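Inspection log for the structure reproduced underneath, given as structure tokens.
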């Protein structure tokens, strides 16, 4: 490293000074000053800890929101080296089945499966949903033996006979591959047998399918070299959220049976007797299960949950793009300040923190990680992707997907009011909104590009890893400044009549 000069003391402020002046800073409010580079971008290591006991290859966590993370997102994020936390705004059985589906996967995506029984008919092309195939099983559900398959092209040939039972024209004796096959195994099988697609089967039941088009699509994604996030049994790491009510203890039992790797206690304000008692229950009942508490934004909040026994902390209150907690309840904290403050106390106990909310670009990720976070949790950043739940629709000519806050009235009617310590028998007050985000394509494409941008940011800081960044920040070597409104404008695209912004 180049020798420090006397000018260094005059440039910016150390974090200890900047974040102890009584101001609540967001990511956009602050900027890091560049440091010394003596390594290549590709030398930056983003491997990190999600909890005390779980490691990730990239610092990315998909948020437990019902418009962000179900099985498809969980599988794709784990395959990239991150993790997805499956939401709990559903029934116990629904969440359990989503965890089981994700844990059973060895391929890096989930295709939609449509099922019919032999006695059913197909009267509209919409019944295929977005799939070119319909699988025929004994009782018309995923949980029964595969009997055959109907190709959309075959169905279209039936013309006026579409009221015929599917058993009359389904293709029987469909070849399949076991769920133990990974992506390369399935791709090799398709090529060897010259097949267009093949169902993936576990215990005689279909839980996915892979086509030649899927193989070509996945092989076209950028490669990061990051290892997938795998559990002890070789399956993908999968997390799930629960609340702090008595009924969540039953939900927890089902999730553990499904093989969940980590539990997130989902609350907008985690410093409560309800969460502390749930933490103690979880650690007493399932001592080997990793548990993430939160949300918190202060050192006092964090210390209470650390003392209760959490293995990780989720930081953020009111900073999400669809969250209105700060506006409605007048509580919260700027996310940059919250991450720095909580990391300062959590680091003393070896507790990794997740920066949850406020992530709109790769620069925000760099700031969150450098300020002390070990991972970032993303909602809107991942919403609108191919892997996010929901169907695409068009608004004003743009292809979009719904994205809603778990504090929105729409989400609360399904049960997420528990996250805000609400009582189902009383009035519901919204702390979030319902909106839409543009189609982003697949996370398997844009997350690798985002991680490379993060590596470039770390290089500019002179940090070759997260540990290095944290050390440089704590030592005062890394300096920060507060940006004025004009500086923030200058730091973005400006002065143009029109422009097209593409990140990759």
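In case you wondered, yes, glycine gets a Cβ from its N, Cα and C as well.
TrEMBL entries are annotated by machine, without manual review.
Note that the coordinates shown come from a computational prediction; the quantities given were computed from them, not determined experimentally.
Quick look at what TrEMBL lists:
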type	residues	note
ACT_SITE	323	active site, thioimidate intermediate
ACT_SITE	419	active site, proton acceptor
BINDING	266, 267, 268, 316, 317, 318	NAD(+) binding site
BINDING	318, 320, 323	K(+) binding site
BINDING	321, 356, 357, 358, 379, 380, 403, 404, 405, 406, 407, 431	IMP binding site
DOMAIN	25-494	domain 'IMP dehydrogenase/GMP reductase'
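In this model, the domain 'IMP dehydrogenase/GMP reductase' (25-494) carries an average pLDDT of 88. For residue 403 (IMP binding site) paired with residue 266 (NAD(+) binding site), the C-alpha to C-alpha distance reads 18 Å. Here the candidates are the recorded positions 323, 357, 379, and by Cα distance the one nearest residue 316 (NAD(+) binding site) turns out to be 357.
Straight-line distance linking the Cα atoms of residue 266 (NAD(+) binding site) and residue 357 (IMP binding site), rounded to a whole number, equals 14 Å.
Among the binding-site residues 267, 317, 357, 379, the ones whose Cα is located within 10 Å of the Cα of the residue listed as 'active site, thioimidate intermediate' are 317, 357. Other Cβ atoms within 10 Å of the Cβ of residue 316 (NAD(+) binding site) number 30 in total over all chains.
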